[in-house]
Ligand code: HEM
Ligand code: HEM
């Protein structure tokens, strides 16, 4: 068994908490955007604060990533795979930050109030009221969300490829710490 | 040989392991998004039904397409403040952006006495606790659920040969929905006022007022005109007579409505806007709306927003009425689509809303 150092504990906790949140948000998002049922406003009322929490966590996580670099990939990993890994990780960080910002921005441009918890806490608008911009950002929110889902699927498949096919310790490095 | 087969099997299982989780997630995603359940009632299906039933014009609202923007203010009088903490219901004045419109998706349709008229309002107190409403001049809503709304639109769609709804199809809808009969009769027998200015507009949907201690009170409300209601009389053969009249009225003097809040009694249906409430219900006069400005949709402030009935202030909550979430979802989709399209000039142009010497002559 080849060994790869593990991610630090804070990195692992952030990774798994956010993995669950992001998958939940993707499912909540597509289900609310395709229903006029009684759940619609409940799902939207959950989507806004959960999405905002992802934005906060993603920024913390980017700081953590720059502060605590991840363990290196196995030396024998083919360069294309290394490139793919790095590119997809950059894309994941970019989308985790851009998607909630677009959600917040589009509701601002559409002049919607943005309540978070019940009706007490309102997020301030981050863009001026502009209906054309609202339409454009609402479209962008869908496109980026679908892109994020695609990258997440590829990411999961790649992790399982490391864990089950290559068995090179990369999957384990995000799961638990190797006993020395 | 045996070990070889073993290794192949193990390898297949490992690859299956790699593919299984992404495949399960993909299926969940497709299921959540309704792609595996074509019968689910979606925003797109509702807009499609509206387009078939009432027409559609790119760049305009998918319903209530012919309209005009108004501005003014609302003076809360505090009478409802024991029942709700909403800032708009306290004793204070808040600015209002509003819109009068005719129901239906065609922005160039001709005005006619029998067509459903609407008032939409956005009350914006300085603390950001907005109240938006879209209210109609019919006593009850023709349907009680989004599915019934969808099916009624399809039943009412014009026959391509006659341009009118097919009576057989309408009859089939009514016999299939006998419980909607009373609502249809009430709507058909309502008294029609002369115009937008002397009309009464009803929330139809029910909401909950939330008091300081958390007590909830189910309500409906109406905007009742302060100016006397004149029965519909003769009017010139004018394609836009209702709009000409409201423009002239507001230029002549402010128009006012009282916000009359009706409190539900024991037997009133909270979750069904097609059911009438008791005539004996307690009512509260909660404040006065004053409209002083009127502008075309070309440059008015009402065009770039949607009057989503679930944009509610703290102190007012949605009831379990299933029409409400459907409206919120569909208004957002309509607002999204129309905002990305390029509208043609609205029927009621900017020129028509300018107070002209001509308009003043007519009144004197
Ligand atoms: C990582 C965070 C987020 C993810 C993964 C996400 C995902 C999604 C998805 C998948 C959809 C459905 C798109 C479609 O099918 O057209 C959606 C719609 C939406 N999202 Fe987000 N979103 C996020 C953050 C936010 C935030 C922060 C807000 C607002 C503050 C927001 C507001 C909305 C709204 C209003 C809709 C449209 C609902 C409708 O069409 O009725 N989202 N989102
Ligand atoms: C499921 C039932 C309903 C559907 C699908 C529906 C659909 C729509 C749509 C698509 C719009 C255009 C929104 C926009 O682009 O901004 C609209 C406008 C409007 N609706 Fe409904 N509606 C429903 C029920 C009701 C009810 C119950 C009322 C009255 C109590 C109502 C009153 C209005 C009014 C007043 C407007 C015009 C708002 C304005 O002037 O901008 N609607 N409706």
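Using N, Cα and C of the backbone, Cβ positions are placed for all residues, glycine too.
Automated prediction, rather than curation, is the source of TrEMBL annotations.
Some features that TrEMBL has for this protein:
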type	residues	note
TRANSMEM	B:12-36	transmembrane segment
DOMAIN	B:37-362	domain 'Catalase core'
ACT_SITE	B:64	active site
BINDING	B:331	heme binding site
Please average pLDDT over the domain 'Catalase core' (B:37-362) for the predicted structure. 95
Do me a favour and check the Cα-Cα span between the residue listed as 'active site' and residue B:331 (heme binding site); whole Å is fine. 11
Intrachain C-beta neighbours of the residue listed as 'heme binding site', sequence separation six or more, cut-off 8 angstroms: B:134, B:306, B:307, B:308, B:309
Let me check the 10 A CB neighbour count of the residue listed as 'active site'. How many other CB atoms are there? 24
